[in-house]
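> My structure is below; once you've seen it, I'll send some questions.
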């Protein structure tokens, strides 16, 4: 057995039953450090490989979009890794442990949450041959809308990536004594370097590697946990008697944290915000070789997401079965939700050198994949939406160098924001930082209102299987992306919130739906009052004929009447143009639609040529 390196500090005074007593024996072995170092070295090596191979990241096309040359398998694994954050890996098991398997029903939302992007969003984005998702907003509406979308995305993502890098490091420090800022700096700097050097190709292939590590780490914990608990039958008996196996809850109350409607309907809107229009995901779709590869990658995400959800949920059940009714169960009472899962992992794997390091690598793989995607997507939107429009004469070499500098700058900003998060404590992790315009205001209103009206102190999650009440410290709810940790629900009876307090009690799973409807309804009302856009003013290719495609069995003449299709002539659509190519920096660049990029830009941005049909956009 490898020599172990304890983290207990001789100056600590251990008081029985306290947090220090519960964690005094937690430590890493040397091999655990080696495995963690191998994760960082491998990620760095992938970045260096793509920095020195192929086109050596000399063009923005290669650095930001991987030369649009990726196949569907790596893109699909990168899609799941992007939002399978470390917060989710420790948060979902804690939710299952506290509330039972009700959260598992969010898997139902994955169906529509991926089908809609595959057949509506991806075709529109891919045919427009965009680089930034917010370019679409200018094509469909105007430049101020594009700028608002870009600034909102930058603001949200900068905060979110700080949470993603700081939260796992903080929990690891609390459980094992692993140096907090050592973990933050190692993760942030390594990620910054391989993202800056290797571009999107490095980010995608490191995501593939890190996804495998994530699955391996979770599986190892589950296998060892089941074996130490007494087998699958014993785990099932304990979780069943502990009422942790939940049926379908059809309660329509939107303030209840987890119901079928909250997860199955509200979850669809959350999935659309992540896999439909988020820049990090759109960028991966656009890096695929063809539109078909992009659509297939979206479909291939489904089984991977279901597997990730299943592993997290089963880990929560095994954790409940392992500790429920045990003498040392009270140790968990002094731990926050984040720390609870890591305590379980370290307890299960303590006598198995290397496996603790594997799970910590799993945890930081999730953090690396999330923040590397953030760095690259932030560099992309800043370059394409804020800099290039004001510097049209910028050379390709200078644009590429500036893109790399932006990725590096955002990496350093992430570390600064992580330190700010440390200074501001858990309160900075709360709120709903999503939406645009009125939707953004609504998100802040609901998020801040829920913080102000929330009661102080933790809430007890009481099991019915001879278990002590677990005091869950802190409220680390966040509605940004996949920050899935929410306030524990009490099992005791409380007075029903009324008025604004009830509105503030809205489940965080409804935040995306609320903000989406607020934006759409407000936009429609203002457009109606100020006058709708004329059909000939709509940029070709920015509308998806949803109703027309759904009524494919209806004759064309009747379809035109039903779908409000306006025949405006037969101007050349992108698909009708002959194959063509052009050169950029000495390299021939082909577009799938067969249109020269310069001609395409001119056509989309300045042409008002009538096209065959127009229909209300989704």
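The first residue you see is number 1, and the count goes up from there.
Every residue gets a Cβ built from N, Cα and C, even glycine.
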> Which one of these stretches, 298-321, 370-393, shows up in TrEMBL as transmembrane segment?
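When 298-321, 370-393 are checked in TrEMBL, transmembrane segment belongs to 298-321.
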> For which of the residue intervals 234-255, 432-453 does TrEMBL record transmembrane segment?
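Matching range for transmembrane segment: 432-453.
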> Pick from 5-32, 341-368: which range has transmembrane segment per TrEMBL?
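Going through 5-32, 341-368 one by one, TrEMBL flags 341-368 as transmembrane segment.
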> Is the transmembrane segment (258-277) close to the transmembrane segment (180-200), in the sense of at least 3 CB pairs under 8 angstroms with a sequence gap of 6 or more?
no
> Please report, as numbers and ranges, the same-chain residues at least 6 past the borders of the transmembrane segment (258-277) whose CB is under 8 Å from any CB of it.
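Hits for the transmembrane segment (258-277): 79, 83, 99, 102-103, 105-106, 108-110, 112-114, 116-117, 121, 133, 248-252, 298, 301, 434, 481-482, 507, 509-513, 516.
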> Would you call the transmembrane segment (33-52) and the transmembrane segment (298-321) in contact, using three or more Cβ pairs under 8 Å, pairs 6 or more apart in sequence?
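Judged by the Cβ rule, the two regions do not touch, with the required three close pairs absent.
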> Which listed range (104-126, 147-168, 212-230, 401-420, 508-529) shows the maximal number of Cβ pairs under 8 Å with respect to the transmembrane segment (341-368)?
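Per the Cβ under 8 Å count, 212-230.
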> Can you see whether the transmembrane segment (298-321) and the transmembrane segment (401-420) are touching - at least 3 CB pairs under 8 angstroms, only pairs 6 or more apart in sequence?
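Contact criterion not met.
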> Take a look at 104-126, 147-168, 508-529 and tell me which one has the most Cβ pairs under 8 Å to the transmembrane segment (401-420).
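Answer is 147-168, with the largest number of Cβ pairs below 8 Å.
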